[in-house]
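Database features (Swiss-Prot):
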REGION    1-23  region 'Disordered'
COMPBIAS  14-23  compositional bias 'Basic and acidic residues'
BINDING   152, 156  divalent metal cation binding site
ACT_SITE  153  active site
């Protein structure tokens, strides 16, 4: 499984407990919710049970809002992103039941295999060959972050269909991570500058970003002993995998 890492060093996974639905829907709407918020913020007449119920309901509202926003972003990106729509077309050509290589009369891409959910890990998305693509709704910063994340995971899906990747094989995993970070757009100048500011190197900055993110992802592989092994494996496959831009003719973003 792919882990789309965003940080220099990956923090430990959070312990996330999903909130329970509110006892009454009316309690999180209108005047009642405003009153509860005011009471929580001031502490006036607030019992411990009321405090815990408010915190649960606040988290419930936040997660529901994140989920709605994530699916809205996803639907927009699937419709309007040139990178994502191109990847979907290429994946459709490789999918079972789609032997028509000229791209005509293809079965539609199964968008239900792209889901939004809460992720305890500090990653923005993931790919599983049997389950599909996960978008981490609590880690997505904006629509364009979701576009990069989805493009990254679609490269993994393409690789898995074309080459039957063994995700526990470190070299195969590393190769797909290199390609996904390079082709998705997540290492383009604007994104790296936003993340790293003036620490971003204009010369070879794209390559350094791709290598850094690939190493972090390979470190999450259960067969990887440590960072040193991840770096070794990424370096071993670097030249061939970085220069392989399929299904694009070149690095598009």
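Any Cβ shown, glycine's included, is placed from N, Cα and C.
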Per DSSP (helix/strand/coil reduction), residue 156 (divalent metal cation binding site) sits in helix
Taking DSSP H, G, I as helix and E, B as strand, the compositional bias 'Basic and acidic residues' (14-23) contains 0 helix, 0 strand, 10 coil
Counting other CB atoms within 10 Å of each candidate's CB, the least crowded of the binding-site residues 152, 156 is 156
Taking all protein chains shown into account, the Cβ-based neighbour count within 10 Å for the residue listed as 'active site' is 25
